[in-house]
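As C-alpha cells, the structure follows; a few thoughts come after it.
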Amino acid sequence: MAATILYGKEIAKDIREQLAGEVAELKQNGIVPGLTVVLVGDDPASHSYVRGKARGCEEVGIRSEIIYKDASITEKELLEIVYQLNENPNVHGILVQLPLPAHISEKAVIEAISSEKDVDGFHPVNVGNMMIGYDSLLPCTANGVVELIKRTGMTIEGKHAVVIGRSNIVGKPVSYLLQRENATVTMCHSRTVDLPSYTRQADILIVAAGKAHMIGKEDVKPGAVVIDVGVNRIESGKLVGDVRFDEVKEVASYLTPVPGGVGPMTITMLLKNTIEAARNLAR
Ligand code: NDP
C-alpha cells in the first residue's frame, strides 16, 4: 500500500493557528513576542529562508525585524549587534542566519546570543539542557521532525529509529529527542559501513545527509515512517530530498515530501520558540 504523505505544510498550518491564539493571549497581557533575524551577505537561499521566517511571524502575530548586513561586516561589529539585541527588552528571539562568511566565527556568534533568546536552540547551554532532559529552547528542525512523527499518531516508544547524519543542527538533536521519546536510536554517518544494513532495520528512518536521492526503496523496511530532511538543488534547478520519493512511497507507511515536508515545520518550531522565550522572559 502506498505511503501516507506527511504534508508538513498542512500540519504546520494547524500548529500556527494554535500559536496565533497563544500570541493573542500574550498580547492581552501586554507582551508582544518579537523576533530579530540578522542576515549577513547575499546568499539567495539564506534570503529565501529569512523571508519565510518573517512571513511565519506575520501569520501568527509575532513582531519581526530583519537586520541586513553586508558580507564585509567584521566579527566584532556583528557581535556588537548581538549584544545590543540581548539587552533590548522588545526582542525575545535572536537568530543569526547561518552560514556566516568565513572570516566570522559561527561559534563566537552563537555563544554571544543570550541563551534565553536563542530561538535556534544552538547555544551550548540549550544543547546541554536538552541532553540532560531539562526544559530548553529546542533546535527547530529536530523538534519539527519529532512533531511530524507524533502527528502520525504512532507510538515512538520502543521503536527503532535510524538517523542518517550527525550534524549539530539536525542529526545529533534529532537523535537525542527521539531517545527522549524512548525510541532506540542508531546514528549513522559518512563513515558508517554498510549503511543499508541499518536503514533496513528502521521503524523510523530520518535522512539528513544532504545527498540527493541517496535512499531508495531497497533501503527501507516495509511500513517504516520515513522523514526526509535533505534539501538539495539538482542540475535542473529543482529542489529534491535525500530520498527517492516515488520509489520509497511504495514501501513506507508515512513519507515527507521535499519541499513541503520538514521545512515548514522548522519555521513553525522557530515561532513556537519565540513565543516560549517571550513567556519565559516575562516571568
Ligand atoms: P551537514 O552537511 O552538516 O551534515 C550531513 C551529515 O550527513 C554528516 O553527519 C555526514 O556525515 C552525513 N553524511 C553525508 N553523506 C553521507 C552518506 N553518504 N552516508 C551517510 N551519512 C552521510 O548537513 P546538515 O545536517 O546541516 O543538513 C542535512 C540536510 O538537511 C541538508 O540537505 C540540508 O539542506 C537539510 N536541512 C534542511 C532543513 C529543513 O528545515 N528542511 C534544515 C536544516 C538542514 P559525517 O559527519 O561523517 O560527515
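Cβ from N, Cα, C; glycine included.
Given the structure is predicted, the values throughout are model-derived calculations rather than measurements.
Listed in TrEMBL:
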DOMAIN    6-120  domain 'Tetrahydrofolate dehydrogenase/cyclohydrolase catalytic'
DOMAIN    139-280  domain 'Tetrahydrofolate dehydrogenase/cyclohydrolase NAD(P)-binding'
BINDING   Gly165, Arg166, Ser167, Val231  NADP(+) binding site
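All features noted in TrEMBL, drawn onto the structure.
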residue : record               : Cβ contacts under 8 Å, 6 or more apart
Gly165  : NADP(+) binding site : Gly171, Cys188, His189, Ile206, Val207, Ala208, Ala209, Gly210, Val229
Arg166  : NADP(+) binding site : Lys172, Ser175, Met187, His189
Ser167  : NADP(+) binding site : Ala208
Val231  : NADP(+) binding site : Gly210, Leu239, Gly241, Val258, Pro259, Gly263
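In the three-state DSSP scheme, Gly165 (NADP(+) binding site) is classed as coil. Whole-number maximum of the Cα to Cα distances across the NADP(+)-binding residues Gly165, Arg166, Ser167, Val231: 16 angstrom.
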